[in-house]
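I have placed the structure first, in the form of structure tokens, so that the comments after it can refer back to it.
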Amino acid sequence: MGAGIIGVGRYVPEKVLTNFDLEKMMDTSDEWIRTRTGIEERRIAADDIDTSDMAYFAAKRALQDAGMEAKDIDLILVATVTPDRPFPSVACMLQERLGAVNAAALDISAACAGFMYGMVTAAQFIDTGAYKYILVVGADKLSKITDWTDRNTAVLFGDGAGAVVMGPVSPGRGILSFELGADGTGGKHLYKDEYIVMNGREVFKFAVRQMGESSVRVLEKAGLTKDDVDFLIPHQANIRIVEAARQRLELPEEKISTTIRRYGNTSAASIPISLVEELEAGKIHDDDLIIMVGFGGGLTWGAIALRWGR
């Protein structure tokens, strides 16, 4: 038995903020944003919706998809850099709201790579038999830490949440290999003071290199090649970074997720939101080999090779 995904769910806020809306707020244009980022619109949570709320909505759907009740969950992991407050953790707030009375709970802070860290952590508990069912959530309300006067960052981010229930799956399914990494010397290029601060040029160079290299390495660890890949779900940070990852694996455009056009960069929620979108679109099938890869502040990165199915 391996550790895999047995249920998925996502939540995005109702409010849509388009590039044309941003034109009225700052010195920018739809053409400038689309050309440099690939983003056309993003979702923004209402003032009375916080990270824990979005996490709850996504988690409920993942549990329903898995055909499970909250009391069946042994551990809750929430990847976020925008908790409602420093403590209690979003995971503990989620545990109470779901009624997951048997679950331990903690948050993970690895920025946009957080969901990869969460999935890999969950897999270790499942593989060792310590826990059987684990809820992994990526949720961020980046709008509350975005400087809406800075056109270099304000155009990039959106809000949302994605969740998966992980548990034992059939042999040959689930996570086949993974890589996690960090380079603390790059922390100065992407961080939060009052708002998000980013050295776009340095982050871009790091992301283009690391996304492709990590994807290739997890394939090698699993004894697979680029020809074996059926679908790529990269962190949705910038369409040029996404495209670089696709080219590194030599995949056709129809085999990569590009949800950034509709949602922008949703940080830890990016990969699980994309996973649900592509499943609903019928682009991922049983026994497909999927590569998930992300990077974030820290600097951090993570990649997973996963055989889809239970």
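Keep in mind that glycine also has a Cβ here, set from the backbone N, Cα and C atoms.
Cys112 (active site) falls within a helical segment according to DSSP. Its Cβ placed at the centre, Cys112 (active site) has 32 other Cβ atoms within 10 Å. Annotation source Swiss-Prot lists active site at Cys112 (among others), citing sequence analysis.
Residues or ranges marked as active site by Swiss-Prot on the basis of sequence analysis: His235 (among others). Its own atom aside, the Cβ of His235 (active site) has 31 Cβ atoms within 10 angstroms in the protein chains shown.
Among residues of the same chain six or more beyond the region 'ACP-binding' (236-240), those with a C-beta under 8 A of the stretch's C-beta atoms are 36-39, 112, 156, 204, 207-208, 257-261, 263-266, 270-271, 274, 295. The region 'ACP-binding' annotation in Swiss-Prot covers 236-240.
The Cβ of Asn265 (active site) lies under 8 Å from the Cβ of Ile39, Cys112, Leu142, Leu156, Phe157, Gly158, His235, Gln236, Ala237, Asn238, each on the same chain and at least six residues away in sequence. Residues or ranges marked as active site in Swiss-Prot (evidence: sequence analysis): Asn265 (among others).
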Item to check | Arithmetic mean of per-residue pLDDT over the region 'ACP-binding' (236-240) | outcome: 92
Checklist entry - Taking DSSP states H, G and I as helix and E and B as strand, how many residues of the region 'ACP-binding' (236-240) are helix, strand and coil? => result 2 helix, 0 strand, 3 coil
